[in-house]
Amino acid sequence: MTQAAPETLPLPPSSTEAIQRFCDALWLEDGLARNTLDAYRRDLTLYAQWLAGRGKALDQTEDVDLSDYFAARHEDSLASTANRRRTVFKRFFQWALREHLVSADPTRLLSTAKQPPRVPKTLSEAQVEALIAAPDVDAPLGLRDRAMIELMYASGLRVSEIVALKTVEVGLNEGVVRVIGGKGGKDRLVPFGAEAGDWLRRYLRDGRTALLGERTADALFVTARGDGMTRQAFWYLIKRYAQRADIHAPLSPHTLRHAFATHLLNHGADLRVVQMLLGHADISTTQIYTHVARERLRTLHAQHHPRG
C-alpha cells in the first residue's frame, strides 16, 4: 500500500500572480532560458507553499520567515543549492520592491553559504584536437564551425563573446580579436595563434561568402540564413561534434574556454597572463584552473615516475 503524499496548501492568489509576473519580467528583460525560469518558479513556489503554512502570502514575507525557511531546508540542501535559492529570492524581492508589491526587501540580511570552489570540467589536449577535427570543412557550415572552435580554443573567449564578434573586430594580420563590452562591460584585446588565423581566413574566403550570398552582415560567424550565431546554436554544435569525435567527457558551453586556461597553465603560462586573457577581474577566479593543472600533474607523476 503506497503512502499518500502530504497535502500541499494552496497558494494565495497574490503569490501565484507575483511569481508569474516575476518570471514574465525575467523572460522579457533578461531572456532567461526556459529551464532557468522553471527553476526560479519552482524555488519560489516551494517557499510560497511553506509560507502559506504560516498563513502568509509572499508579499507578507519578513526577515525571520526567510531565516526560518533556510534553517528548515539546511539539512537537505547543498551549499550551492542554498545559494541559488538566495539568488532567486533576492532577485524576486528586489523586483517586488520596484513594483511596489513590498515596502521593504526582506532578503537584505541573507548571507551566502560557504562552498568549495567548483573545479571546471575540461578536456585533454587529444580530446580537443579530436573535437577541432570533427567538422566537415568541405562544406561552408563546417568551415564556419572549424573556425569557431579553433578561435575559441586559441583565445579562450566566452561563448557570448565569440558569437557577438563582428568581422571588423578581428585583426587577422595582427592575430588579435577586440572584445567589445565583455563581462563587466570591459573591452580587451585577445591574441590568437597562426592555426586559428589560417582557418579564419579560409572561412572568410570560402565559407562566409557562400553562406551570405548577396546578403551582408556585421557578425563574423553567420548561419545559413545570414543571421548571427546564438549561444544555444554554438552549444548544440559542440555537443554534436563531441559525439562525432567519440568524446564522452562532461561538457558545458565553456568547455573549450576551460581547456584553453588549463592547457596554458599546464605548459607553464603565468597565472596573471591567463587572468588577462580570460578577462577575469579577480585572479581568484583564474586560480580555480590551477586545481585542474595540479591534478593533471599528479596523475602524470603517478603514471610515469618510477616511484609514482
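Positions of Cβ are set from backbone N, Cα and C atoms, glycine also.
Database features (Swiss-Prot):
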DOMAIN    13-97  domain 'Core-binding (CB)'
DOMAIN    118-302  domain 'Tyr recombinase'
ACT_SITE  ARG158  active site
ACT_SITE  LYS183  active site
ACT_SITE  HIS254  active site
ACT_SITE  ARG257  active site
ACT_SITE  HIS280  active site
ACT_SITE  TYR289  active site, O-(3'-phospho-DNA)-tyrosine intermediate
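Structure with Swiss-Prot features highlighted.
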{"residue": "ARG158", "record": "active site", "Cβ within 10 Å": "19"}
{"residue": "HIS254", "record": "active site", "Cβ within 10 Å": "21"}
{"residue": "ARG257", "record": "active site", "Cβ within 10 Å": "22"}
Alpha-carbon spacing, ARG257 (active site) to ARG158 (active site), which is rounded to whole Å:
7
Can you give the mean pLDDT for the domain 'Tyr recombinase' (118-302), rounded to a whole number?
83
I want to verify one value. Collapsing DSSP to three states, which class is ARG158 (active site)?
coil
